[in-house]
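Colleague: According to Swiss-Prot, the protein has these features:
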- 8-75: domain 'DRBM 1' (DOMAIN)
- 71-94: region 'Disordered' (REGION)
- 95-181: domain 'DRBM 2' (DOMAIN)
- 178-203: region 'Disordered' (REGION)
- SER188: phosphoserine (MOD_RES)
- 207-274: domain 'DRBM 3' (DOMAIN)
- 307-375: domain 'DRBM 4' (DOMAIN)
- 381-571: region 'Required for dendritic transport' (REGION)
- 382-413: region 'Disordered' (REGION)
- SER395: phosphoserine (MOD_RES)
- SER416: phosphoserine (MOD_RES)
- SER426: phosphoserine (MOD_RES)
- SER440: phosphoserine (MOD_RES)
- SER456: phosphoserine (MOD_RES)
- SER493: phosphoserine (MOD_RES)
- 546-571: region 'Disordered' (REGION)
Amino acid sequence: MANPKEKTPMCLVNELARFHSIQPQYKLLNESGPAHSKMFSVQLSLGEQTWESEGSSIKKAQQAVANKALTESTLPKPVQKPPKSNVNNNPGSITPTVELNGLAMKRGEPAIYRPLDPKPFPNYRANYNFRGMYNQRYHCPMPKIFYVQLTVGNNEFFGEGKTRQAARHNAAMKALQALQNEPIPEKSPQNGESGKEMDDDKDANKSEISLVFEIALKRNMPVSFEVIKESGPPHMKSFVTRVSVGEFSAEGEGNSKKLSKKRAATTVLQELKKLPPLPVIEKPKLFFKKRPKTIIKAGPEYGQGMNPISRLAQIQQARKEKEPDYVLLSERGMPRRREFVMQVKVGNEVATGTGPNKKIAKKNAAEAMLLQLGYKASTSLQDQLDKTGENKGWSGPKPGFPEPANNTPKGILHLSPDVYQEMEASRHRVTSGTTLGYLSPKDMNQPSSSFFSVESPSPTSSAPAARELLMNGTSPAAEAIGLKGSSPTPPCSSVQPSKQLEYLARIQGFQAALSALKQFSEQGLESIDGVVNVENGSLEKQAKHLREKADNNQANPGSITQDCKKSKSVI
């Protein structure tokens with residue numbers, strides 16, 4: 001029976017009514033109030049007495065009227081029965097056998113249970129000469145009682161109960177009461193006899209077949225069971241099994257294969273126990289070498305170019321601390337121009353970051369936290385490429401002179417008026433009557449050395465002449481070098497100004513024309529008779545345009561000189 005304090009008033013009223021053999025009746029008298037706040041009135045009739053009470057629900061009204069009835073009722077109340085005492089009651093609802101196993105492991109003494117036969121009944125003889133009333137000879141059977149012997153080290157305990165498990169629990173309770181306050185014995189080196197006794201105790205719960213296999217495994221001997229004979233009628237079979245363990249063999253007979261196998265194992269086990277004991281070999285202690293860390297991320301430059309969120313998480317993992325905690329603080333701005341504020345917390349450090357979306361705000365918050373913790377900023381890969389000067393469109397060597405600080409678009413070379421006039425004057429001084437050379441689209445992809453018919457002079461002798469020609473417009477040394485060939489050709493009559501610039505750049509030792517023309521062809525830039533236009537065309541369109549222009553030049557050879565004068569240099 002549960003504790004009466006935990007019972008509800010209605011339950012106690014039912015017990016009171018059951019004790020007096022009456023039926024309690026609950027009646028709903030009235031229901032008032034609005035729908036969200038109703039009040040219910042309930043009447044309780046218990047015998048000739050009635051009580052009324054109200055509540056916000058029918059159940060609460062019933063409990064209130066039952067509580068009122070318990071306090072005002074004149075009926076005698078039943079005596080509460082004491083709770084049943086559990087013999088095996090222990091804290092934690094742990095069975096005594098489990099608790100004893102833990103204590104025995106601490107003491108280093110195994111707990112071994114052995115069932116015992118029940119005590120014999122006394123020899124009782126009835127008086128058969130009784131002449132009186134009818135003597136009933138069929139007595140009710142005596143309840144069966146189980147007995148168990150418990151051995152813990154050198155201590156023995158006996159338990160009894162209606163079941164085998166109850167007997168084990170009873171013996172375990174006695175052992176706990178006796179051993180709980182005793183000190184834990186110190187482990188002492190055991191001699192051969194005590195070790196043998198312990199082995200015998202452990203082997204008491206093992207079958208003979210298991211013991212044979214264990215001994216054979218320790219001594220590295222093969223084991224085989226074989227049924228060599230089977231005789232008798234079908235309902236009374238007899239089997240003979242032979243067991244061979246190394247050099248030992250034995251036979252066993254029984255009415256089943258299992259029984260014959262067990263008897264054969266028992267016979268050969270007696271022979272195996274006569275063998276000398278094995279030498280004790282100490283097992284070597286396993287030594288686990290601690291692997292060194294192959295990756296050391298202690299460099300100050302580690303993490304450059306990495307995502308700040310991942311970098312901060314790796315830093316916390318390396319510190320073996322809690323991972324960063326990100327919280328969205330606020331969201332402000334217009335619907336299409338949102339601004340998110342994200343906060344990150346690492347230990348006692350707090351940092352915030354803003355961005356047009358949550359991802360960027362979280363990234364900025366992580367970057368701010370890294371700076372706050374003393375780490376360098378996580379620069380992006382594009383910033384690193386810009387710092388090192390790498391560019392996918394330029395594959396040649398880097399120039400050794402600084403770039404001019406102007407706002408002119410890339411790809412257009414602006415000449416001063418004086419230099420331009422001197423270059424035009426030098427073009428007019430070139431002799432006419434030379435053959436014109438045209439470039440086919442196929443020749444556009446050839447190296448710059450194939451565009452000139454004369455042999456390219458050495459850089460040491462031609463570099464000063466090229467520099468003088470580029471700066472002053474005329475150069476006697478350049479004219480002397482150009483007259484060495486059999487048929488000197490003027491620069492404008494044979495090649496375009498862009499090719500002249502490429503030739504001069506090659507003499508100076510850097511590339512300027514070929515790769516730059518390819519780059520601006522991909523971007524849609526081309527040179528058209530004095531005006532530079534930007535198109536969104538591809539490289540194929542530019543090649544087609546150059547091919548058509550070459551065909552037009554072949555059809556109108558007289559316009560070449562005019563085009564050469566009006567053309568501008570495009571890099």
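Cβ coordinates are placed from backbone N, Cα and C, and glycine is handled just like the others.
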Colleague: What mean pLDDT does the predicted model reach across the domain 'DRBM 1' (8-75)?
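Modeller: Mean pLDDT across the domain 'DRBM 1' (8-75) comes out at 91.
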Colleague: With DSSP as the yardstick, break the domain 'DRBM 1' (8-75) down into helix, strand and coil residue counts.
Modeller: 26 helix, 23 strand, 19 coil
Colleague: Using DSSP, what's the helix, strand and coil tally for the domain 'DRBM 3' (207-274)?
Modeller: 27 helix, 24 strand, 17 coil
